[in-house]
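Contents: one structure, followed by commentary.
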């Protein structure tokens, strides 16, 4: 067992203790549901509260590429249903932001690219459709690295999103807009996409919860494809309960997606009980493996210290924590970039100005293709298309793409073996806290290296949950640090249970950015 370097943190007593025992004190979704169903507060009042905060903070943060004009109208319709005693869904009154590479029929879906600047889909993505059926109100579309290719949201063709904790720092990427929107409480929850860590890394940088489900758990129909064997739609929330409730609403089999699983979906919400009902060691007997390769060279010491604190807290909750070695862990990063770039070069071939994308003016077909792609794609997308095309070319296929697939098999096998003897594995979500805007923009290799903690999970198709556990100093400011819990395939329920208990019993931290902290003082 790893030695404890801090005393186990005691239970945190929240300022508001008026919730019922079935409602966790940190769940905004459950609080909104209780208030509107009991008619203590209207949906419109909640919507106005979030919209006011959004409009106050958006000029500084720039989370959104598009904001819906129908939010209050939809809120009023929910209130009318409640007045008529009609059924409303579990997300009724909940404002949800959607990453702009997930299709919405009533708003643009640009994928952060000039090539799709005017694109308005004729349909909703399955995840969006399900949310709406459960009563959610889509507040807007969030900023991202173009086509999801990036780790800082600086690669958007439209604007650079700032981190709500420090406006000079990046929010992470590629789902940085969705993470920043939740951190700044511009919405309740949000959807992102995760191909190599694009939900989990920005969750860590912005101090929110990020949930990447098992590949196939959520339909990819309506998600603009980057790397089809790796892409997953994921969830952001300010609490584990909120992220889990959102996942509950969007997962399940979809006949429109051949890769979506037919596996039965359990009731995740049963895990979110009040901490008043916790035993003294609520996680007694849980076997936790700390991936030793993730706490060595290249990881900031303050990140390591926060992870060690999280380990200590898990031990205090009754977990048996041991180190586990995954020798193939370092191989995942190069394999991922070969595979993801190869798949992206194939997927993005459709954007030629004829089938999809804005069309350049030309008298010749070849010039039309070249002009449309040259003018529409940004530098990072072009770089990855070229990398992928090279890896798939006849003379290099075996040396790069085939070998990367073989590494992927090794990575999947090593995770399976580790999870056969452990309930969950843990690691940092990123090797550092958020860095300055512009710091790594011109150094793509340094940017790619920041994904080392997350890409293996996508290669193995496993679920992972990131939640904040501490802070790292960045000059005079403190920036949040998240830790990653990895589970066996389709074992999101266990991750949510452990994450909820960890979160509810963590004392001494407030993960509300200084930008809006005054609104949430007890």
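Heads up, the Cβ atoms here are built off N, Cα and C, so glycines get one too.
What TrEMBL annotates here:
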DOMAIN    48-496  domain 'Amidase'
ACT_SITE  99  active site, charge relay system
ACT_SITE  174  active site, charge relay system
ACT_SITE  198  active site, acyl-ester intermediate
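Where TrEMBL records a feature, it is marked here on the structure.
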residue	record	Cβ neighbours (10 Å)
99	active site, charge relay system	32
174	active site, charge relay system	35
198	active site, acyl-ester intermediate	36
Checklist entry - Using Cα coordinates, what distance in whole Å links residue 99 (active site, charge relay system) and residue 174 (active site, charge relay system)? => result 9
Checklist entry - How does the model score the domain 'Amidase' (48-496) in terms of mean pLDDT? => result 95
Checklist entry - Which whole-number value in Å describes the distance between the Cα atoms of residue 174 (active site, charge relay system) and the residue listed as 'active site, acyl-ester intermediate'? => result 5
